[in-house]
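Feature annotations, courtesy of TrEMBL:
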TRANSMEM  A:20-38  transmembrane segment
TRANSMEM  A:45-64  transmembrane segment
TRANSMEM  A:70-90  transmembrane segment
TRANSMEM  A:102-121  transmembrane segment
TRANSMEM  A:154-174  transmembrane segment
TRANSMEM  A:203-226  transmembrane segment
Amino acid sequence: MQDLLYFSQQLINGLTIGSAYALIAIGYTMVYGIIGMINFAHGEIYMIGAYTALIAITGLTALGLAWLPLILIVALLCAMIVSSSMGWAVERVAYRPVRGRHRLIPLISAIGMSIFLQNYVHLAQGSRNIGFPALIEGGFNFSADGAFEMSLSYMQITIFVTTLVCMTALSLFISRSRTGRACRAVSQDLGMASLLGIDTNRIISATFIIGASLAAVAGLLLGMYYGSIDPLFGFIAGLKAFTAAVLGGIGSIPGAMLGGLILGVSESMTSGYLSGEYKDVVSFGLLILILLFKPTGLLGKPEVEKI
Amino acid sequence: MTTSLKKIVTAISTSVALLGAGHAAADIQIGIAGPMTGPVAQYGDMQFSGARMAIQQINANGGVMGEKLVAVEYDDVCDPKQAVTVANRLVNDGVQYVIGHLCSSSTQPASDIYEDEGILMITPASTSPEITERGYELVFRTIGLDSMQGPVAGDYIASQNPKRVAVVHDKQQYGEGIATAVRDTLKDKGVEIAMFEGITAGDKDFSSLVTKLKQADVDYVYFGGYHPELGLILRQARQADLDAKFMGPEGVGNKDINTIAGEASEGLLVTLPPSFDQKAENKSLVKAFEDKGEDPSGPFVLTSYAAVQLVAQGIEAADSKDPFDVAAALRSGSFETPIGNVQYDKAGDMKSFEFVVYEWHSDGSKTPVN
């Protein structure tokens with residue numbers, strides 16, 4: 001019983017972090033699916049989302065607002081707006097001018113953008129760790145006769161539920177809406193979609209905006225969950241989310257979700273049963289294995305060379 | 001006749017030497033190298049503010065051998081790679097004395113360059129024993145060693161009769177070194193070590209670690225590392241209702257841990273150098289800091305002040321500006337500084353330096369624990 005509780009606790013920890021990875025991974029996977037490039041500045045968009053949310057929360061609290069749901073919703077909206085305009089601007093400034101060139105050029109442009117945004121926040125907000133207020137506290141505790149107590153915090157539940165809602169909304173949007181259909185068309189064949197009268201530039205911008213808003217959601221959630229943010233924290237999270245996207249099959253939205261969860265759980269199980277020191281060894285080892293044996297990822301479609 | 005001739009010759013050669021060296025030689029450059037930016041910049045603030053104050057006060061009292069000290073500041077972001085770049089820049093700039101670096105992992109590679117290039121280095125903060133273990137002639141410190149701090153922490157934990165203790169570190173030179181010293185002390189005292197494990201510096205999610213600590217049912221957790229990680233561990237441990245006492249080295253003892261951990265930082269135990277700013281003989285110095293609007297209570301403010309003073313006193317004792325002569329003078333002499341009487345052993349460590357256990361409070365204050 002004791003061991004089971006411990007296992008479930010590590011599972012909860014892993015699923016929490018995994019669903020947040022999935023939210024960030026969507027941005028990587030959608031952009032890749034549509035224009036076949038890896039947006040390395042996406043981790044920074046997530047970081048900017050977290051900073052914006054923190055600024056909004058601090059501002060609202062200073063104004064004397066005390067009703068928590070309102071604070072959270074306003075902070076979330078602010079973060080989503082700032083992040084998605086940032087995502088849109090990054091695409092306009094750094095990717096659109098080099099689109100269609102050799103694959104390496106947009107990649108280098110993306111890395112440059114990532115360094116620029118990191119240092120910009122460094123200068124604007126300082127390089128120190130800033131504490132993020134824990135707005136959602138408390139949770140359920142489960143205990144057997146033993147001393148170990150399993151806990152499921154409201155914050156963790158919030159993360160699961162929000163991720164679930166976002167993912168469902170996104171799937172519906174992609175499968176049902178007109179823009180969603182256009183997205184799918186563009187990802188299948190950009191040239192043909194454009195011939196059929198789809199404004200591909202608008203669709204590409206929409207992809208960046210959707211990815212960035214989901215990253216902003218993750219920024220607010222993880223900021224609250226972890227408790228502190230710094231200008232460099234988008235980099236590692238971005239790397240992990242990118243791994244999740246590749247793991248699940250880059251270009252596939254359910255794949256990003258699956259990849260995120262697998263990555264999160266394998267990380268927490270490694271630190272739980274082996275040692276925290278091996279956490280990154282296992283997650284990136286997993287990535288190498290997948291790339292070796294199933295290069296398209298778990299749910300990715302095999303890429304057929306177009307003639 | 002001969003003596004006066006000698007005097008004339010000396011006078012002429014000295015003035016020629018001075019002319020040849022140009023304008024810059026009239027000042028003694030003191031390099032201050034530490035993190036101005038980056039996650040541990042607040043320690044850098046302490047270092048820079050202490051060293052600047054010392055330079056200012058020494059200059060106000062007529063300088064060293066009639067020459068003014070000039071501060072040259074460098075930012076190493078507490079990154080070993082940047083520390084090497086900074087060290088090379090110092091060499092290029094012709095600086096002969098360095099106060100720094102701060103983080104052990106920066107000090108270590110930079111000190112190789114200083115030793116090779118004949119630059120005297122005094123670190124006010126790096127506590128890793130390895131820095132002075134290599135038989136270097138020009139490397140000194142005004143702080144104790146992990147091998148002193150670890151046993152103080154280990155002894156304290158052992159004296160509280162804990163059931164089980166976990167020792168966690170950030171896999172960096174400083175954190176792991178000190179954690180190892182704590183573990184060894186505890187083992188010698190027969191305390192059960194339930195866990196000895198590393199985390200990744202810069203990581204944010206410690207929920208798995210906290211769950212593991214809970215499962216291991218520990219009542220004391222020692223963390224070797226810096227405040228950004230421990231702050232989050234404290235906060236996440238509190239959210240998961242982990243009932244254990246946490247302890248850390250001086251790298252966690254600053255007010256930023258309160259902004260990260262909030263209420264969870266209450267009751268944290270920290271080994272720190274004694275509060276030099278509380279000593280009666282330092283009253284006027286403390287006032288000088290306060291008049292400037294600076295806080296002298298940080299652990300590295302007065303150690304940096306003392307480091308500058310030691311360079312100045314060393315130059316005067318050696319009656320020479322050659323770093324090797326100054327190093328020899330520092331090893332043989334005994335110097336009065338705000339951190340007490342300083343005497344150096346052959347390795348460049350202070351012959352005595354004590355650490356004290358403090359209890360940290362959530363408002364950023366601390367009280368000594370007996």
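A Cβ is built for glycine as well, from the same backbone N, Cα and C atoms used for every other residue.
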Against which stretches of its own chain does the transmembrane segment (A:45-64) lie, if we need a Cβ under 8 Å and a gap of at least six residues from its ends?
24, 27, 70-71, 74-76, 78-80, 82-83, 86-87, 90, 117-118, 121, 125, 130, 132-133, 135, 211-212, 215-220, 222-223, 229, 231, 233-235, 237-238, 241
Selection from A:70-90, A:102-121, A:154-174, the stretch that has most Cβ pairs under 8 A to the transmembrane segment (A:203-226):
A:70-90
For the transmembrane segment (A:154-174), find every same-chain residue at least 6 residues outside the stretch whose CB is under 8 Å from a CB in it, and list them.
12, 15-16, 19-20, 22-23, 26, 134, 136-139, 180, 183-184, 210, 214, 217, 221-222, 224-225, 253-254, 257
